[in-house]
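S.K.: The structure under discussion is supplied below as structure tokens; questions concerning it will follow.
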Amino acid sequence: MRDITPDICDQFEDQVTLLNLPLQNFGQRTAFHGEIVTVRCYHDNSKVREVLEQDGTGKVLIVDGHGSCQKALLGDQLAILGIENGWEGIIVYGAVRDVAQMSQMDIGVQALGTCPFKTEKRGVGEVNVTLTMLNQIVQPKHHVYADWNGVLISKEALDF
């Protein structure tokens with residue numbers, strides 16, 4: 001994979017903002033981008049599953065798990081679901097699990113960290129809402145660009 005975010009910053013510096021979160025890469029695809037779809041949830045990944053069941057062609061799911069690493073909001077089964085439905089990547093402001101398997105899967109995955117515990121399944125959460133993570137705003141329908149160097153957000157799709 002090539003580094004995409006430095007090139008984007010060089011070419012579109014005034015059109016992007018840095019999503020300054022301490023994220024780590026867990027998927028095989030370490031550079032990915034797409035239109036943002038959002039989920040806000042806490043210790044319940046029901047809405048994550050609902051969204052990943054939809055067509056994700058050209059899209060990246062950003063999950064606001066309130067920064068909690070006490071339950072994993074994404075595991076190998078949901079990552080497989082994302083791959084089957086064409087998602088470019090998933091960014092979790094929280095924890096993931098099954099990371100050995102996920103590292104072999106052709107999908108971008110970034111998260112704060114790992115946790116072996118699964119979440120509850122109560123159908124709780126919000127989809128396509130504005131997220132605020134560490135005082136940074138993420139809007140649905142904006143665009144995200146992620147790699148080892150960081151995560152960038154733009155209002156429009158960038159031709160790079």
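Each Cβ is built from the backbone N, Cα and C atoms, and glycine gets one as well.
Here's the feature list from Swiss-Prot:
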type	residues	note
BINDING	Gly75, Asp76, Gln77, Leu78, Arg97	substrate binding site
BINDING	Asp98	divalent metal cation binding site
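Are these features on the surface or tucked inside, and what are their neighbours?
M.R.: Leu78 (substrate binding site) falls within a helical segment according to DSSP.
In sequence order, Ala72, Gly75, Asp76, Gln77, Ala79 make up the list of same-chain residues 6 or more apart from Asp98 (divalent metal cation binding site) whose Cβ falls under 8 Å from its Cβ.
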S.K.: Can you count the other CB atoms that lie within 10 A of the CB of Leu78 (substrate binding site)?
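M.R.: By my count, 25.
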S.K.: Tell me, by DSSP, whether Asp98 (divalent metal cation binding site) is helix, strand or coil?
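M.R.: SS state of Asp98 (divalent metal cation binding site) = coil.
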S.K.: If the substrate binders are Gly75, Asp76, Gln77, Leu78, Arg97 per the record, what's the largest distance between their Cα atoms, in Å?
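M.R.: Answer in Å: the longest Cα-Cα distance is 10.
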